[in-house]
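**Q** Got these off Swiss-Prot a minute ago, pasting:
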{"type": "BINDING", "residues": "Cys38, His63, Glu64", "note": "Zn(2+) 1 binding site"}
{"type": "ACT_SITE", "residues": "Thr40", "note": "active site, charge relay system"}
{"type": "ACT_SITE", "residues": "His43", "note": "active site, charge relay system"}
{"type": "BINDING", "residues": "Cys93, Cys96, Cys99, Cys107", "note": "Zn(2+) 2 binding site"}
{"type": "BINDING", "residues": "Val175, Asp195, Arg200, Leu262, Gly263, Ile264, Ile286, Tyr287", "note": "NAD(+) binding site"}
Amino acid sequence: MKVLSKLKPAPGLWLHKAPTPKPGRDEVLIKIKKTAICGTDLHIYKWDEWAQKTIPVPMHVGHEFVGEIVEVGEAASALAVGDRVSGEGHITCGDCRNCRAGKRHLCRYTVGVGVNRPGAFAEYLVIPAKNAYKIPAKISDDIAAILDPFGNAAHSALEFDLVGEDVLITGAGPVGLMSAAIARHVGARHVVITDVNDYRLALAEKVGVTAAVNSTKTPLTETMKNLGMTEGFDVGLEMSGNAEAFRSMLTVMNNGGKIAFLGIPPEPFAIDWNQVVFKSLLIKGIYGRRMFETWYKMTNLLLSGLDISPIITHEFPMKDFQQAFDVMLSGKTGKVILNWEQ
């Protein structure tokens, strides 16, 4: 089969041939239809400090996908050949305290598809059957291919009650944009998103935000005044990992405000803890998706009419992966799809 891999400890990815894997008794073999490029894949492509410390070489990469089951292990009775699936990319142990309590997203021994074990940038992928998720017919292949990051957005956005609330999102990358779409869909009053990338702020307008703010040009306080906000934001969703963005968020949160923090800072940074203490702010770290409660919720958000298609901006045949990564590296994209059937 054709595979896109990190074959040597250097920038880039390489397309090559590899043996088609065989599923074990509790696994499924999936023929990949489409994959999407994640920020994690960019880290691996660039071979930055995180990738050098984390990724074994060689490694088939990629973890956002949709495909069709073509072989089922003897113990995987809940699935069948022909099922169209995406999959949870976090493989958990099943035996630790959190796994046994039904909190698999908190497993201390999580292994990542395309990070610690062979990934989805391949014609075929093997994952545990319990990690495969059947896709309703009304959800397109393009949307099914981005359910993994959509799950990050849903986990973050739905962590706190948003109905009637004023919501601030820092970071208009794909997950921030999807979070904004969710907040609007479930009934937030004002949804304000900040970034420094005008291309992505324009995408934010397409998903229905109240205001898309370039934080280098317009103070948040000015936007709040224009919206008639007299207090502060009730809910914050930090998606950027940027220290200054988070510090700015803290200054405009209402007393008793709640923050879901998904962005990954490149290094530790200081904040004004007086903002946290005297405002009685609640800050909740978010990682991955609740298995599989988040999957149920995000599927039904889509089936109830939530449209995240404007976030998908480019699609390339798999053979043109280099062009796809070049576009991603430009910063002028939303989600980028690789088609493995072309």
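Glycine is no exception: its Cβ is also placed from the backbone N, Cα and C atoms.
Not measured: the values here are computed from a predicted model.
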**Q** Given the recorded Zn(2+) 1 site (Cys38, His63, Glu64), which additional residues of the same chain have their Cβ within 8 Å of the Cβ centre, ordered by sequence?
**A** Thr35, Ala36, Ile37, Thr40, Asp41, Gly62, Phe65, Gly89, Gly114, Ala120, Asp148, Pro149
**Q** Between the Cα atoms of Tyr287 (NAD(+) binding site) and Cys107 (Zn(2+) 2 binding site), find the distance and write it as a whole number of Å.
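**A** Just about 11 Å between their Cα atoms.
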**Q** Tell me which residues of the chain lie with their Cβ under 8 angstroms from that of Val175 (NAD(+) binding site), as long as they are six or more apart in sequence?
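**A** Same-chain residues close to Val175 (NAD(+) binding site) (Cβ under 8 Å, separated by 6 or more) are Pro149, Asn152, Ala153, Ser156, Met239, Leu262.
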**Q** Can you tell me how far the Cα of Asp195 (NAD(+) binding site) sits from the Cα of Glu64 (Zn(2+) 1 binding site), in Å?
**A** 24
**Q** Give the sequence-ordered set of same-chain residues, not counting Cys93, Cys96, Cys99, Cys107, with Cβ within 8 Å of the centre of the Cβ atoms defining the Zn(2+) 2 site.
**A** Thr92, Gly94, Asp95, Arg97, Asn98, Arg100, Arg104, Arg108, Tyr109, Thr110
**Q** Please name which of the recorded positions listed here, His43, Ile264, Ile286, is nearest in space to Cys93 (Zn(2+) 2 binding site), Cα against Cα.
**A** Ile286
**Q** State the Cα to Cα distance, in Å, between Cys38 (Zn(2+) 1 binding site) and Cys107 (Zn(2+) 2 binding site), rounded to an integer.
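**A** Between the alpha carbons of Cys38 (Zn(2+) 1 binding site) and Cys107 (Zn(2+) 2 binding site) there are 22 Å.
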**Q** Which number gives the other C-beta atoms within 10 angstroms of the C-beta of Cys93 (Zn(2+) 2 binding site), all protein chains shown included?
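**A** Result for Cys93 (Zn(2+) 2 binding site): 14 other Cβ atoms within 10 Å.
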**Q** A 10 Å Cβ contact count, applied to the binding-site residues Glu64, Asp195: which residue has the minimum?
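**A** Each of the binding-site residues Glu64, Asp195 was scored; lowest Cβ tally within 10 Å is Asp195.
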